[in-house]
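Take a look at the structure set out below.
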Amino acid sequence: MSRPTRAMMASIAGSLALCLVVLLISEDGPRTALPVAMTCTAFVGGVAGAILWTLRWPTPRQSAVFALVTNGSIALACLAYPDPMASLVGCIAFATSGGYIAFFHTSKFVVYNFAVAAGVAVYAAVRMAEQGHVGLAGVDLFLVLQVNIALPLAIQVVIRALGNDLVHAHLDPLTNLCNRRAFQLEVLGLLIARPSPDMFLLVAVIDLDDFKAINDRHGHLAGDRALVDVANALRASTHDTAVIARSGGEEFIVADTSRAGDAAPLAQRICEAVAELPISVTASVGTACAPLDGVPARQHKPLVEYLIGAADHAMYHAKRSGGNRFHHHDRSY
């Protein structure tokens, strides 16, 4: 899914840049120095966006910069065009950046995009009215503003309407951790958005020792409370970037990226956090890690599956050794 989405975004940014080239070489395009410079700047912004999406999935910060640059490029291109009617019609392109922002960013960012679109559109409409086309300017302005309101608003409404259902479908109902499927998706997203290519992926598989005894002695309600406590302990003992899942029964999985390929500190924190819980329970932890530098995106999913299997194997080694300890799988991927 990542590659087709990136290809689509790169083609959208590239096609907008190509439109500017067509305008520059056409008879109706800008001719004086400042409008030509503004159009060329907008072209560079479009090309930069296309290159970004071609090379990688952007981080949240890069995505915000991409949206700002796209918004600014559209504004420059519309303001630079000598024909006010064409300039006003061109403001429809703001719906493209507005739709992107509505999908990936905040409502305030959507309002900013609309404010810029409205300002440029009103300026073009005033120029049209000064040329005697008052009615046409008013109708075109209304249609342009309507499109720039309706598209982003519709996207945000759909996202808000479906968001809770989609989120809860990927959560374990008892612990509110990811389920196994969501874990895979979240980890793949973590790898794409990692801040540096030369990092390691750490995976830990955690299985509670003799958990059946808790259910037998204290009842299933106590067992459920223990699982919730363990989930909270895992959240407290891992970084904010970590992806945590309950994979079934009393087994959990943790994945995170790190600049060091040492999983021992993570495993030690998990063992200690579980052992310190009020209910008497300990954990066997298996870990595995692999460097991410040089691993193409198409190999991310096989890598994650391999590390889960390797960490699971290491976890059983820790359990056979008496439990309440961790073991690292030291074979390379």
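Keep in mind that glycine also has a Cβ here, set from the backbone N, Cα and C atoms.
According to TrEMBL, the protein has these features:
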- 36-55: transmembrane segment (TRANSMEM)
- 64-81: transmembrane segment (TRANSMEM)
- 87-103: transmembrane segment (TRANSMEM)
- 110-129: transmembrane segment (TRANSMEM)
- 141-162: transmembrane segment (TRANSMEM)
- 199-331: domain 'GGDEF' (DOMAIN)
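The list of residues near the transmembrane segment (87-103) in space but at least 6 beyond its ends in sequence, with Cβ under 8 angstroms from a Cβ of it, reads 9, 12, 16, 67, 70-71, 74-75, 77-79, 81, 109-110, 113-114, 116-117, 120-121, 124-125, 127-128, 137, 140-141, 144, 147-148, 151-153, 155-156, 159.
Secondary structure of the domain 'GGDEF' (199-331), assigned with DSSP and counted as helix (H, G, I), strand (E, B) and coil, comes to 61 helix, 36 strand, 36 coil.
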